[in-house]
Structures are given as C-alpha cells and as structure tokens.
Amino acid sequence: MAKRSLSRLLGLFLLAVVAGLWFTRPQHIEASAIPERDPDLTNGERMFWAGGCASCHAAKDAKGDDKFVLQGGLELKTPFGLFRVPNISTSNAQGIGGWSTADFITAMVKGTSPDGRHYYPAFPYASYEKMRYGDLIDLKAFLDTLPASDNEVAGHDLDFPYSIRPGIGLWKLLYLSDRPFEANPNWDETTNRGAYLATGPGHCAECHTPRDIFGGLNAERWMAGAPNPEGGRGRIPNITPHADGIGNWSAADIAFFLESGFTPEYDSVGGSMASVQENWAKLPGEYREAVAAYLKAIQPIASMKAEDDGS
Amino acid sequence: MLKRVAITGITGLAVFAGAAFASEDPISTRQNIMKSNGASAGALFKMVKGEIEYDALTAELALREIFAGAVAFPTLFPEGSETGGKTRASPEIWKDKAGFEATALKLENAALAAIPAATSGLDQLKASLGSVADNCQACHEKYRLEKN
C-alpha cells in the first residue's frame, strides 16, 4: 500500500517535471513573424550605443574603435556566481557570425540561443524584449558590419542551483512580459520616446532598480537605486525625481550629464556608468533629451537604507 | 599680555591643527582636492555653456588648480587610508598603484597642455575642455566606488 502510494507520488512528480519543462521551454521567434525591412545602418549604430553592447561585450577598458570588437571575455562577479560575457563578434566559429535575423531577435526578445537553450538574464533580454523589430533588424545589420574576433570565452561558473539552465524558464515565466513597449497616453511624444529608449535598449532599470529574491526587477521601486549587482561597497544611485534621487536636477541637467559625464555639481561620472555615459554621448542630443524627459516623468521614490535590501 | 599669549597659543594650535589636518588626514585632504577640482570644472563648463562670461584668467586658474591637485593626488593614498571618513576610494588604487599614478599623470599633462588653447578664446576652450575632462571619468571609472 505504502509502496503503491509512493509510486503514485513519483508518477505525479515526474508529470509535474515534464509539464514544468514544457511550460518553461525556450521560446523562438519564427522568421515569418519578422517584417520585411531594408536595414537602416545609421539607426542600427544608434541602437548599438543606446543598447550599450560594447560596455559588456568589448574587451575590458576598450576605448575608441576597440569598442566595435565584441570579443567578449569580461567577467561579471555576481551573487549567483561568475558570468563570462560571450563573444558576439561576426566570427562564425566563436561569435554570432552565422546567425540569422530570426536567431538574433529570438535571443534579444526571448532570451533563447539558436540551439534552443535559455540565456541567463545577466544578458538583459528582460529589457531588450521591449525593443521594436525594426530597431532589432537595424541593430543586427549594424553588428554584421563589425570585425570578427576569434577570442574563445569559457562558460559561466555559477553556484547551485543557478547552474541549472532549465530553471531559467521558470524565471522567464515570472519576469518576461511577452508584450512590446507600450506608450503612456498621459505622456507626450518625447517622454514616451525616452521611456522606450530607457526601458528597452537602454536597460537602465537592470542596474538602477532593485531585484527581488528571485532576481527579477521590483517594479514598485522602479529606478529608485539598488545594491551594486557586482557586490562591493556602494550602491547604484536612485534616479527617480525624488529628493533622494535626482529630483533637484533639471531635464537639461540630466541631458548634460549624459553628454558630458558631469553632474550639476560638476562631479564626474564613475564606475560602470562611465562607459554607459560614453555611449550616450555618441547619440544625437534628442536621444538624451528624451531620456531626461522620461526620468523627470517617472514616480519619485525615496531611497531605501542600504541595510533594508541586503547591500 | 596674557591675552596675547592666549591668542598666540590658540593661533599656533590652529596652525598646528591645520598642518595635522593636511598631512595626517589624507582622506580629508584628497576629498578637498576633489572639491577644488569640482569648482574648477564648474567654472570651465559654465563658461562653455554660456552660464558665466568667458575669462582667460579664470580658465588658466582652473586648469592650474587641476594640474596642482593631480600632482599631489597620488601621494594621498598611504597604507591605512583605505577606509574611513566616507572615502569612496576603490581597493583598486592599492592593487594597481602604477596604473593609478599613470592616470593622475595623464590628468597633469592634459591640464597643462590645455592652457594655451583655453586662454586664447572661448571656442578654443570649448574644443580643448574634453581632453582634460575625459580624465575625470577615466579615473573615476576604475578607482572610485559608488556612493553608499
């Protein structure tokens, strides 16, 4: 009797595992779902800078044209373990040279590799999923013009249970919205443009918004500052229009910061934001002004004390 | 007489304290150098942005202040000053002393090199300010921690 109920329990468990794997299986976007478009390389390059590709995928401390060599290899030390940023150059052997546009859009929007594995969300596809197909097509076309590097990057070294890749499917069920960017009807065109740039390609929230215990962004504290994802002393700042954040910055101050790297007190940008600011300095002024308008329009939120969120 | 002794004593103490402040508290000294740099950067950028009028002497003064600060800066990170006093100095400074000193030297050279252009007109200041200011980011990217 006991044996029978045990085997029944085991059967139920296996069924749950199979169902779980089915519901959390890596998703793809078919080539037929992607619109026809003549790629616009100028826009592709703008998406490259707004998306910050080089900040993670170029060599550590790369400057100038070396930022176009997306050889990977940067090591990100996180509470989940060590991530090694992959080579996404046009190398067929080591990079993504052989990818189709559908492969690329699937990676950016669904976090799935061409061979059907989940990517870890250290690759910020939970933000990139908001990007428009047109922008992704242009970005892919621009990446195709960049040099190939045969730099070989080792895999990640993650702690258990994060090392179990199928588990990411569950994370995606919780945190991928599966919806494109939606404009806020109460905002003007510039503010919505900034919202798209900041939340989609710019993926600002990935660092400026704290995460919950499963590593998903806490929407209640949107852009209100967070522990440094790479650990160590110091926090990623609150960039909401609250007095604890950048409430005393004008929109022009924010745009000037993104252009020059200087705050209204003429302190300079530092840390991982330095590279982000360099990217934004390469974009036309209206991109920075749009993001500034968005950051003035979001909910002001007080900062948390460091000890309240475990930093 | 007594009053004079008292005043001399207090003044002497203040001077002594001041000296102690500069030489024995490297954290506070380097933080003040950075505040001076902020004031200098502010003067230069405000001229470039048209918020204050261009003045060649102000531009030179600001660049010479940045130069002098950069000369002194690498000497202000002795062992034992890694933490305390709200310092945001990164442990990288002590791990990579040569790199840190080289970064400060770059700023020294950039500030000096910019003086002839910056003092010859607003357009020249606009064109040359980036060559100095980029050094702020470069150093803060590697050697300064985020605020708490």
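All positions are counted from 1 along the displayed chain.
Keep in mind that glycine also has a Cβ here, set from the backbone N, Cα and C atoms.
The following features are taken from TrEMBL:
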type: SIGNAL; residues: B:1-22; note: signal peptide
type: BINDING; residues: B:Cys136, B:Cys139, B:His140; note: heme c binding site
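Positions of the features from TrEMBL, shown on the structure.
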{"residue": "B:Cys136", "record": "heme c binding site", "Cβ contacts under 8 Å, 6 or more apart": "B:Asn37, B:Ala41, B:Leu107"}
{"residue": "B:Cys139", "record": "heme c binding site", "Cβ contacts under 8 Å, 6 or more apart": "B:Phe100, B:Thr103, B:Ala104, B:Leu107"}
{"residue": "B:His140", "record": "heme c binding site", "Cβ contacts under 8 Å, 6 or more apart": "none"}
